[in-house]
Every structure is written in structure tokens, then in C-alpha cells.
């Protein structure tokens, strides 16, 4: 087992990180209970999914830390789960505006600014696109494609890995890992673009619902789970992170990534509990309530 090869400081570190993972899951369970008691059913699912991102990544990292051979499966599981969270975050912004119909009514003469990150932040000459039901469909499709294609690529990678054709840290042009990783990278950028477009449109409207700190937390999870892990893997492949028998450079890089993620996701779970917890009477926008009241008065 892993613990058999650890000294006393190592065992203490593993115990602390496991305790952090357990606390993160307990905090999430308590938050789910609160959501079911206080938040309308139309918003429960998306908010639970988004809040679950940090505890799930912490749990998969903890399993990968204790069982090194499961690292490939735990990393892919966390990546697939976060692909769903990207789509759910877009849906949450739409629901927080009162739903698709109310959003279209509110911005019926508005236009989406599509020159935003990560795809087109430098293309300032791009025209603004009218906000219609069709453009909303394309935005939702942009995030949903990642939910659909990421598990398919995961399944393909596992099949190739069992056949010996896929090595997680082998990025030579003849290997499958480099091509699958590049394809996943393109799909990720395409999925993040609609979220950025929608956030730019609704951030002023939803500032009372703390959409900016929510978006910041979502971005932190994305950067830490993808960019941080990629940088550490590259350092390990280049032997900048030295091997320490019996661990190779790649194994040490995986351990460092998992341990950092557990600590980071633990903190994000605690912050998310504060950011997403609101009083029940604050859940509806004053403007939305006023509009609905005006419509009711006009109805004969």
C-alpha cells in the first residue's frame, strides 16, 4: 500500500489532506440540504452541480493520491464532471435572469458581444450578435457539445490505454495522447466561449446575485484543474521535478498536482458555501418581480 512506504511526516500529510477532503464533502452535503430547503426547484439542480465541482475534484484527487494506479481514471472523471459544470454554469446564468423567456424579453433589443475570451478576445472587429432564441440555442449547444464529446474521448482513451496505445505522459507525435489532448483543448475553448459571452451580457444585471464572485470561483476551478495540472505535468516530463525513488518524475508530478488540488478545492468549497448562500427572499431580482407584477395588473 501507499502508506507502507511513507515516513511519519508523509503519513501526517496524507491524513490532513484526507481530512480536508472529508470536511469538503460534509460542507457540500450541508449545502445541498440548505438548497433543497430554501431554493426553488427550478434552480436546485444547476446550483448543486456547480457547488459539487470542488468536492468532486478533491475526492478524485484524494483517491488518486492513495491509489496511484487510478490516477488516469480519477483525472478523467474530474474532467468529465467539470465539463458538465461548464454547461450548468451557463444554464444558471439564464435561470438567474428569470429563465429564457424573461431573458429574451429583457434583452429583446440587445446584442451579444462575441469578441470575448477565450476564443476571440483579440478580435475586437467582430460584429455584435442579436439576442434571440436561436443565438441562445447556439450558446447552449456550444457548452453541451463538451458534455457529450468529453466522455466519448475518455472512453476512447481508456480503450487505447488498455491496448497499450495510450500513455498519459507520452506526447510524441506518434502517440495518441497528443492528438486527443489537442482535440480536447479545442473543445474546451469552444465550450468556455459561450459562458464568457453570457457573463459579459448579464454581469451588471446579476451583480446583486454575486455573479462576479461566482464566475471567479468557476474560473479558479478551471485554471487549477486544467492549467495548473498541465504545467506540473510538463515540468515533470522535462525532469525539472526530479524523481525520488521509488517515485518517477511523472509520479511525483501527479502527487504534487493531487495534493495541491485537495487543498485548493477545500478552500473553494468553503468560499462557495458563503457565496451561494442567500436568504430565500433575495432569490428573485427586484426588476423581474416588478415586471411580473406589472404584467399581472395589465391582464384583464
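Using the three backbone atoms N, Cα and C, a Cβ is placed for every residue, glycine included.
TrEMBL entries are annotated by machine, without manual review.
What TrEMBL records for this protein:
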| type | residues | note |
| --- | --- | --- |
| TRANSMEM | 12-34 | transmembrane segment |
| TRANSMEM | 46-67 | transmembrane segment |
| TRANSMEM | 73-94 | transmembrane segment |
| TRANSMEM | 137-161 | transmembrane segment |
| TRANSMEM | 176-195 | transmembrane segment |
| TRANSMEM | 215-236 | transmembrane segment |
| TRANSMEM | 256-276 | transmembrane segment |
Listed stretch, out of 12-34, 46-67, 137-161, 176-195, 215-236, that has the most CB pairs under 8 angstroms to the transmembrane segment (73-94): 46-67
Other parts of the chain folded back onto the transmembrane segment (215-236), taken as Cβ under 8 Å at six or more residues beyond its ends: 50, 53-54, 57, 75, 78-79, 82, 85-86, 89, 169, 188, 192, 195, 199, 203, 249-250, 252-254, 256-257, 260-261, 264-265, 268, 271-272, 275
Contact between the transmembrane segment (256-276) and the transmembrane segment (137-161) (3 or more Cβ pairs under 8 Å, separation 6+): no
